[in-house]
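These come from TrEMBL:
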ACT_SITE  His167  active site, proton donor/acceptor
ACT_SITE  Cys183  active site, nucleophile
DOMAIN    84-221  domain 'L,D-TPase catalytic'
Amino acid sequence: MKNKWRYLGGLLIVVLGVGLGYLSRPKGVECANLGSCSDLPKMVVNNGETGVFAGQEIEVPEISLGDEQLTTKVLGEVANVQAKQIYVSLEKQLLTAYEGETVYLETPISTGKWGRTPPGEYTIWVKMRATRMEGGTGADYYNLPNVPYVMFFYNDKIPKIAGYSLHGAYWHNNFGHAMSHGCVNMRQIDAEKLYNWVSPLTTGTVTYTDAENTGTKVTIF
């Protein structure tokens with residue numbers, strides 16, 4: 001009975017959220033994350049909750065920000081930020097990060113099922129240590145607290161409010177195959193490594209770009 005009410009409650013939230021989302025986002029743009037359809041994403045840690053994915057309850061890893069050593073860097077200490085570039089291959093389900101001509105990271109990823117990850121040239125505009133992601137309907141409904149190491153990206157066709165990002169995923173281990181609702185899923189260890197490398201350079205649990213701390217470019221093809 002508890003699961004039934006949780007499911008019905010989640011379905012109602014989705015219906016209401018989708019309605020608000022259609023009013024607030026540009027026509028024809030799908031949201032990768034329901035929570036950002038009606039508002040910009042927020043840094044959120046929800047310890048002690050249970051996640052939902054593909055009709056199953058998922059154990060949610062706890063995040064203790066007070067125990068973490070943030071990998072912060074002074075802007076002047078990092079050379080040639082503009083040399084960093086991320087490439088995401090939809091065909092190969094592979095992410096490759098370059099610094100100049102040197103490969104910093106290459107790892108299997110999971111992009112959106114049914115072509116939900118749009119190809120294009122993007123820029124990371126904010127990094128968050130964690131957030132909640134929610135969306136889908138029926139058996140496709142998901143509600144995932146504590147999504148880790150989130151790097152949101154956008155361009156002139158896919159606005160910030162659409163909620164597309166690179167992030168860690170604890171709810172599946174099927175990397176190398178499309179699994180998401182539009183975001184780029186990564187193994188948590190790889191997401192952490194990428195998060196601490198990309199720009200904007202980390203200044204806290206949430207880091208926005210600005211004129212001096214610009215975002216890394218992401219090419220999805």
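From the backbone N, Cα and C atoms, a Cβ is placed for every residue, glycine too.
A C-beta separation below 8 Å, combined with a sequence spacing of at least six in one chain, links His167 (active site, proton donor/acceptor) to Met133, Val147, Pro148, Tyr149, Val150, Met151, Cys183, Val184, Asn185, Met186, Ala191. Its own atom aside, the Cβ of Cys183 (active site, nucleophile) has 27 Cβ atoms within 10 angstroms in the protein chains shown. In three-state terms derived from DSSP, the residue listed as 'active site, nucleophile' belongs to neither a helical nor a strand segment and is classed as coil. For the domain 'L,D-TPase catalytic' (84-221), the number of residues in each DSSP class (helix H, G, I; strand E, B; coil) is 17 helix, 65 strand, 56 coil.
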